[in-house]
Amino acid sequence: MSDARVGAARSERVRLRVAEADIGVEAAATSDGAIPGPDGDRVASGSGLSRMTDEREDVSRIVLVLNGPNLNLLGKRQPEIYGRETLADVEADCRRLAGELGLEIEFRQSNREYEIIDWIHEARGRVAGVVINPAAFTHTSVAILDALHAFEGPIIEVHISNVHKREEFRHRSYVSAVASGVIVGCGTQGYALALRRIAALVGAEAG
Ligand code: DHK
């Protein structure tokens with residue numbers, strides 16, 4: 001199937017899903033806005049829906065930033081590895097940058113796998129893209145991988161530390177199999193890089 005037809009099919013799926021959910025938002029489901037990514041997949045097609053819309057079409061501008069277990073202790077836990085910035089600092093940086101990029105951020109952290117899965121489910125048909133640092137679940141969670149497979153938009157995986165320089169069990173990521181891109185070892189700056197990439201993939205970047 002061509003990129004345009006994949007985009008159209010995906011848009012139709014979103015439209016149906018929204019109609020089912022009856023959330024009272026009108027879909028702008030065209031394949032025209034489809035922007036192919038390097039892997040020809042996981043790219044927003046102008047079909048996402050949101051409370052925050054622009055004047056051209058009802059394109060979602062929401063990016064869900066998900067953080068896995070122990071990241072609530074960021075800044076305190078192993079600062080020699082993860083740095084001294086707290087998760088609140090990261091959130092503030094993300095919100096500042098999102099404003100510049102014309103995006104809206106939903107920023108969440110959980111130590112519970114099921115909660116992360118539920119948030120991914122709720123993102124379907126509503127959120128433009130997902131930035132996820134699954135933390136330790138990266139290396140263990142088929143369930144998070146499966147949930148991400150059910151999400152239509154781009155996904156950028158972030159790791160603050162360079163997991164490839166660390167223990168061997170950290171070299172394997174289940175999530176990478178579904179990610180459009182992976183940012184590793186750039187410290188907390190990785191979140192900003194991920195947001196910029198999502199903005200480019202969903203066509204939200206001003207310039
Ligand atoms: C964070 C964690 O908590 C670890 O379990 C991962 C990741 C690496 C990070 O670098 O952000 O192995």
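Cβ coordinates come from backbone N, Cα and C, glycine included.
Copied from TrEMBL, the annotated features are:
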ACT_SITE  Tyr82  active site, proton acceptor
ACT_SITE  His159  active site, proton donor
BINDING   Asn133, His139, Asp146, Ile160, Ser161, Arg170  substrate binding site
REGION    29-52  region 'Disordered'
SITE      Arg77  site 'Transition state stabilizer'
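On the structure: features taken from TrEMBL.
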residue : record                             : DSSP class
Arg77   : site 'Transition state stabilizer' : coil
Tyr82   : active site, proton acceptor       : helix
Asn133  : substrate binding site             : strand
His139  : substrate binding site             : helix
Asp146  : substrate binding site             : helix
His159  : active site, proton donor          : strand
Arg170  : substrate binding site             : helix
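Among the binding-site residues His139, Asp146, Ile160, Arg170, the residue whose Cα lies closest in space to that of the residue listed as 'active site, proton acceptor' is Ile160. Under 8 Å, Cβ to Cβ, and six or more positions away along its own chain, Ser161 (substrate binding site) finds Ile81, Tyr82, Val184, Gly185. For the pair Arg77 (site 'Transition state stabilizer') and Ile160 (substrate binding site), the Cα-Cα distance reads 13 Å. Taking a Cβ distance under 6 Å to any atom of ligand 1 as the criterion, the recorded positions Arg77, Asp146, His159, Ile160 reduce to His159, Ile160. Cβ neighbours within 10 Å of Arg170 (substrate binding site), excluding its own Cβ and spanning all shown chains: 16. Counting in whole angstrom, Asp146 (substrate binding site) lies 20 from His159 (active site, proton donor) by their C-alpha atoms. Arg170 (substrate binding site) and the residue listed as 'active site, proton donor' have their C-alpha atoms 10 Å apart, to the nearest angstrom. Pairwise Cα distances among Asn133, His139, Asp146, Ile160, Ser161, Arg170, the recorded substrate-binding residues, top out at 24 Å. Highest Cβ count within 10 Å among the recorded positions Tyr82, Ile160: Ile160.
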